[in-house]
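Scroll down for the structure; my scribbles are underneath it.
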């Protein structure tokens, strides 16, 4: 009896010690997050450093300190988990990106974005995979790698770091560039994850034309189904809030319902083996167009800042951890006797990333420009260079996919797998530090930004300060300045070239969508100008003027 009691007490002591260590780790991590925010604020005007790089550097420095204190046993406070990343950290970031995006710019450039994000990712993945197969075998590295591993490497390094890119570009100063790079980043992440999952689900030892057709059929099914699920989730939230007038009794319920419906769409997509990234992104777009206008004024302010704040904190969290995990001694111990091989593999991967991105950005930009009628809508060569450069950064998505492919429960057991993990970490660090540091100066050099025009009168300033941000209130496919006369003016001229034909069809699609949206969608699901004011709504005093107009 005494032995059992002592054993139970020892186990309880171990558990309490483990819990105490977890609490200490979380306290230190939260303190580091606060430090990242403060230092990022102090470096706000710096032309080289952004908050992603700041968090990465602080993470590396913290990892060095932990290594010294633990005598080389550990370098991080938390254990990286791809489930933690994909289930908890990534959804709020992608949702906020869709919720805050300028929808007119996004959908006007939708075909170009899909070209870069979907077709470009496939080209990039193919080039990286082919290059890795040819070079690694000559280096003697790929002897233990299978065809599935090579294809997975292509998907891993085709995934751009949209999080870091969002912090470098400004959608007010360079709206076209931001729209293209941001939209491509989100679609690219979704495409890379879908490709990666498809590669893992197929038996690649037996390859024939039917496998290829099945692969691409499955890919497009996932793409379309994921998008539709996000749209349906956004429409359902808009209909519930519009019909039930939840804000009459509690604005907290409105905000909670929006958050939970968005997260539910992501979880359902993962449960049904779809792309949660695409689902939650389009859910954010639909919610900002319909649901956001159905809630009370206080809920609009709350949701806007709550989503943005949560996304910002999680972005910082990701880069802080990546910095600490870069010094994980367990992975580097496997390659300590072959440092030249690790450096060579990292260099090859960086070169393939550069070549693979150039192979689709410039040709696809040329094809996109053929469909543009005016010079202002075309992608200039300077913008093409920035799009190529800004998409070279690799981040947490690449690391999460690499861990999924080359580790077992977070641990690396084979030398080749350890080389791939350390090479991925090296590529992430070098690309984020070098390409990230140079992106802001490159933009300022290639695209000098002129100061924004002044408002004509004080009344315009008052209206601007009272209205929500344009990124939220801008219509789904057009703004108030896009009158029907402007869209209809193209109908009087027959298109005489392919470029004019494509441009005219684009305007017709926009006009038809706006007509359909105003006559059918908004009366059912609500939206700006189509929401009856609730009796206790904060906008009751001034909202009746806008009701049903």
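Cβ atoms are placed via backbone N, Cα and C, with glycine included.
Note that the structure is a prediction, hence the values are computed from the model and not measured.
Annotated transmembrane segment per TrEMBL: 20-43 (among others), in sequence order.
Sequence annotations record features per position, and here TrEMBL assigns domain 'Cation/H+ exchanger transmembrane' to 30-443.
Within its own chain, the transmembrane segment (55-72) has Cβ neighbours under 8 Å at 32, 35-36, 39-40, 316, 319-327, 329, 429, 432-433, counting only residues six or more beyond its boundaries. Residues or ranges marked as transmembrane segment by TrEMBL: 55-72 (among others).
Under the heading transmembrane segment, TrEMBL lists 84-101 (among others). Counting residues 6+ beyond its ends, the transmembrane segment (84-101) has Cβ neighbours under 8 Å at 162-163, 166, 171, 179, 182-183, 186, 189, 262-263, 266-267, 270, 276-277, 280-285, 287-288, 292, 304, 307-308, 310-311, 314-315, 317-318, 396-397, 400, 469, 471-472 in the same chain.
Feature annotation from TrEMBL assigns transmembrane segment to 113-136 (among others).
For 176-199 (among others), the entry in TrEMBL reads transmembrane segment.
Sequence annotations record features per position, and here TrEMBL assigns transmembrane segment to 219-241 (among others).
For the transmembrane segment (261-286), the list of distant contacts is 86-87, 90-91, 94-101, 103, 106, 186-187, 189-190, 193-194, 197, 222-223, 225-227, 229-231, 233-238, 476: same-chain residues at least six beyond its ends, Cβ to Cβ under 8 Å. TrEMBL lists 261-286 (among others) with the feature transmembrane segment.
Same-chain residues lying 6+ beyond the ends of the transmembrane segment (306-324) with a Cβ under 8 Å from its Cβ atoms: 29, 32-33, 36-37, 40, 51-53, 55-63, 66, 75-78, 80, 85, 89, 92-93, 95-97, 99-100, 163-164, 167, 255, 259, 395-396, 399, 428, 432. Residues or ranges marked as transmembrane segment by TrEMBL: 306-324 (among others).
What TrEMBL records for 344-364 (among others) is transmembrane segment.
What TrEMBL records for 385-406 (among others) is transmembrane segment. Distant neighbours of the transmembrane segment (385-406): 52, 80, 82, 85-86, 89-90, 116, 149, 152-153, 155-157, 159-161, 163-165, 168-169, 177, 180-181, 184-185, 188-189, 192-193, 196, 200, 318-319, 322, 325, 353-354, 357-358, 361-362, 365, 379, 412, 417-418, 420-421, 424-425, 427-428, 431-432, 435-436, 438-439, 442-443, 446-447; these residues of the same chain sit at least 6 beyond its ends, with a Cβ under 8 Å from one of its Cβ atoms.
Residues or ranges marked as transmembrane segment by TrEMBL: 418-438 (among others).
Sequence annotations record features per position, and here TrEMBL assigns region 'Disordered' to 456-494.
The compositional bias 'Polar residues' feature in TrEMBL is assigned to 458-470.
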